[in-house]
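As annotated by Swiss-Prot, disulfide bond applies to CYS108-CYS194, with the evidence given as sequence analysis. According to Swiss-Prot, the S-palmitoyl cysteine annotation covers CYS377. As annotated by Swiss-Prot, phosphoserine applies to SER410. If you look up Swiss-Prot, you'll see 1-32, 88-109, 177-217, 319-337 marked as topological domain 'Extracellular', on the strength of sequence analysis. Annotation comment: Swiss-Prot describes 56-64, 132-154, 238-297, 359-416 as topological domain 'Cytoplasmic', evidence class sequence analysis. Marked as transmembrane segment by Swiss-Prot on the basis of sequence analysis: 33-55, 65-87, 110-131, 155-176, 218-237, 298-318, 338-358.
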Amino acid sequence: METSSLWPPRPSPSAGLSLEARLGVDTRLWAKVLFTALYSLIFALGTAGNALSVHVVLKARAGRPGRLRYHVLSLALSALLLLLISVPMELYNFVWSHYPWVFGDLGCRGYYFVRELCAYATVLSVASLSAERCLAVCQPLRARRLLTPRRTRRLLSLVWVASLGLALPMAVIMGQKHEMERADGEPEPASRVCTVLVSRATLQVFIQVNVLVSFVLPLALTAFLNGITVNHLVALYSQVPSASAQVNSIPSRLELLSEEGLLGFITWRKTLSLGVQASLVRHKDASQIRSLQHSAQVLRAIVAVYVICWLPYHARRLMYCYIPDDGWTDELYDFYHYFYMVTNTLFYVSSAVTPVLYNAVSSSFRKLFLESLSSLCGEQRSVVPLPQEAPESTTSTYSFRLWGSPRNPSLGEIQV
């Protein structure tokens, strides 16, 4: 499907065959129709969902600044850039019209550069978000001091600068060239392709390093941090007493899981400094159980989505690296041809499902998202600023929202 850096060599057929056959590309019509439908669906849902996510974030600027907003914006912009540039180019020049490459040398380099840039920006943004959440859960006092919107902006700026640097080599090793020549020695215009300009050995080294840096290490870090966070959530749930229990010791981490929850801790410390014994009443009700379980499930889902969508993509690239040139049979080559299309489809699916993850990790974002979607459909509803959660009654329990902010404990809840 693609005569490029990740397309294995194939023995040259007879010169009497068609150009596509001579260049080793022959996609069946049913596959073209099927993947066109899949690409079109991914493009429509992904661009609409991520554009609406950006709209929600920008529309909520009047609200209290929150760190989640910047993470959502970074991930949505990365997904939009990937879908808007890569999907149309690949659908035209890699699915339907393999030769000649029509987007020029700059388009060739830009296509691969943007794809690598967005891949790095996405996985590094997810890793940074997981690191912030882990710190907020495990070290709430330190998180209160370190995790500010300004520092989050700087962190994400660093993520994008690093992504630019890491993706730059792809714009150097890729380029446009002619695969065939005429009888008079001039390049065959119809054989113009977007392909690799360095040796295959150099490309193999680059791919292996790229898979390690853009997938294995960031995803391992994300899984490790999310695992720590999930373990803390499970421990917190097991430590919550029954509805009739009262605790006379220092507030547990359940009260300190969010930035706003620290106000209760400070008030508790001030009460102790006056020589008064403080006691907080906490309840193990159904809503609290659901909240903790939901938080753990979301963290697992984030890792699962990127493993399912990205692992086949990188496995296919490594497949190219580890199979020698003389090991490519016609059957293996045909398998790789269609495996390429399947893995790229999954790769783009990860960008299309990011709005679903946003809605899963933040109830306030979900409310704004649905309100914006309803307004576009003609239903006018009131809009609340992101990322503030809906107010809770004073009799409710200390609820924990992994991505939102629980309410502050009131003075009336601190029994003297």
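Note: Cβ is positioned from N, Cα and C throughout, glycine not excepted.
Here the structure is a predicted model, which means the values were calculated and not measured.
The stretches the transmembrane segment (65-87) and the transmembrane segment (155-176) are in mutual contact, each linked to the other by at least three Cβ pairs under 8 Å (pairs 6 or more apart in sequence). The largest share of C-beta pairs under 8 angstroms with the transmembrane segment (218-237) comes from 110-131, of the ranges 33-55, 110-131, 155-176. Contacts of CYS108 (disulfide bond) defined by a Cβ separation under 8 A and a same-chain sequence distance of 6+ are given as TRP101, MET174, GLY175, GLN176, CYS194, in order along the sequence. Tertiary proximity for the transmembrane segment (298-318) is limited to same-chain residues at least six positions away from its ends with a CB under 8 Å from its CB atoms, namely 6, 123, 126, 130, 133, 207-208, 210-211, 215, 219, 222-223, 226, 229-230, 336, 339-340, 342-344, 346-347, 349-350, 353, 357, 360-361, 402-403. Its own atom aside, the Cβ of CYS194 (disulfide bond) has 26 Cβ atoms within 10 angstroms in the protein chains shown.
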